[in-house]
Amino acid sequence: YIGGVFHIQSLVEKLLQQLASKQNIVVTVLDTTNQSYPISMYGSSSNASDDSLEDVSMLNFGDPFRKHEMHCRYKERAPWPVLEIATSSGIIVIAFLMGYIFHATMNRIAKVEDDCREMSRLKKEAEAADVAKSQFLATVSHEIRTPMNGVLGMLDILMDTDLDVTQQDYVRTAQASGKALVSLINEVLDQAKIESGKLELEAVQFDLRAILDDVLSLFSGKSQEKGVELAVYISDRVPDKLIGDPGRFRQIITNLMGNSIKFTEKGHIFVTVYLVEEVRDSSDVETISSPRNTLSGFPVPERRLSWSKFRGFSQEGPPCPSLSSFSHPVNLIVSVEDTGEGIPLEAHPRIFTPFVQVVFDNGCSSSGDYGDPQINSQSNPSTLEFHGMTALLVDPRPVRAKVSRYHIQRLGIHVEVVPDLNHSLSSVTNCKTTKIDMIIVEEEVWDKNSGSSALFVNQLSDQGVAPKLFILTNSISSSRTGNRSSGKIQGCPAVITKPLRSSMIAASLQRAMGFRNRAITRNGEISRLALRSLLRGRKILVVDDNDVNLKVAAGALKKYGADVLCVNSGIKAISLLKPPHHFDACFMDIQMPVMDGFEATKRIRAAEQSFNSESQHGDGHGEAQGRAKNWHLPVLAMTADVIHATHEQCLRYGMDGYVSKPFEAEQLYREVSRFFASETNWTL
């Protein structure tokens, strides 16, 4: 046996402490036989201060007559379970946050869906409003242009009647007012197209030189009043025909030149057109601002800086999205230079905005058929009499001489430049192989020394058949009018008034040299004689539901010699144009009741296709087979709705082009010449 002495109290306390997770436990054993006076048998008999911490259990020691109790309690209050409380609290907070996030997400999704539905509704309303606006503008345009077509058309017909000078002035004033109203309508429609994103550029063939001549004509009177020299120069490398939007090009140049005229009091306004390659690769166009190297002798600030900016544009400009659709793209730099006061640097950000490049396409038949004035002049029958002639140009300023030479060469005339009258007289005297047909002297040279000018005229008269003498002047004052006639009086030079334009130069030369006046272009209008040569004897069908429009269209076409038949519905047009027939062209109104012009043209093309198919199988009529193997009647749309009447839409329905109401001689000529010009005999 092994015996030991144990301190029971300490042993029990340590055992209970281990069981109680290292907390001190106080144990008391009591004899509770007498409940009123319990006897402490073990431990301390002190009462616990907090009964909630005490546990009482019964003890049985085998004595049935005695009762015992064991009281256990913590010695001190247990610490708070901080970790457990923190963990539980964190879980509760996270759960609350997750619920809040889920709730907020669901609310956000619902709000986004509501916003999307609202945006979709507003988008549909905006689109409907835009469509309604476009339809309203188209309707208003049509309703205004329809009576304006009648007004301007009747005024044009009235001008062909026997009117005195006062009556003609009244008619011209009414015509100008009507055209101003039509121009205002076009500007409003352009603004509407820009706002709706529907402004599209046309891709039609046009003559860049003719357009700039037209713009010069608009400002010639104002420039002469202010004494400002106005000129245009287009490089020989620029093609004679381009494909693009001539209306937008004309609009831009007109705005720029209008600003130059407004803010230039002396000097010049000079419009130049070059290929980008010329500006980038050549130093000829990049001249300094010395007086000798400007058109009028007035310095031009920042000319080199301007060209350097253009050079940067040509190399670093953004790509044009329409380049891929052009087979021979042509990049041009058009500059409007003036000697005005200029634009302050602080105003540049408000005036100049970022640009997008638009290029033209080459409209010539071959890549080599560019702007050679000797070649291009052959296509104009009004200048044939000048081919092979030689002119001597007297001008000490290289830039001004370059401009004058450019315009004269457009008539097919070979031009030599000399700086003064003495050199010109030497050229006339010593030239044995080439005949000098005319001498064109700049006014500055002629007025520099009147004695020398008179001596020059006398010496020129001694040469036998003397060349015709012309003076280039910015304006004709009353004093000059008395001294210089049209050149018919011996010794008096004829006057050619600037700004120079090929049509105006041709008219002056024809008048002074006694040539018969052919069909020439004056102030941008195609001559009536040229139109008559195209339309004489042509049988044309005009389709319009408006009697006034029929009368105006018929009157305009009959005036040029056409044989016109008018009908007021597309159904009647279909019956008349069923092959075979004897019509050469059809002018079709687009907006008509029952059947519009597009549907009528579609059915006409279907009938032609059916007829052509039968002809190929030998089932066609003999007369028609003899006239054409592939029947296709030129159909031109007539419309006052310039918003919807796009070139692409007309082509989609089988039309060959369109003219807007009220149509003018130039537009009419441009359209019909595409079909009839090749058959026209220009010997008038």
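The backbone N, Cα and C atoms fix where each Cβ goes, and this holds for glycine too.
Because TrEMBL annotations are produced automatically, they should be read as predictions rather than curated entries.
Over in TrEMBL, the protein carries these features:
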DOMAIN    1-71  domain 'CHASE'
DOMAIN    139-368  domain 'Histidine kinase'
DOMAIN    390-513  domain 'Response regulatory'
DOMAIN    539-676  domain 'Response regulatory'
MOD_RES   Asp589  4-aspartylphosphate
TRANSMEM  80-102  transmembrane segment
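Residue counts for the domain 'Response regulatory' (390-513) under DSSP (helix as H, G, I; strand as E, B; rest coil) come to 58 helix, 25 strand, 41 coil.
Cβ neighbour count for Asp589 (4-aspartylphosphate) (all protein chains, 10 Å cutoff from its Cβ): 26. With DSSP classes pooled into helix, strand and coil, the tally for the domain 'CHASE' (1-71) is 15 helix, 21 strand, 35 coil.
Across the domain 'Histidine kinase' (139-368), the prediction's mean pLDDT works out to 75.
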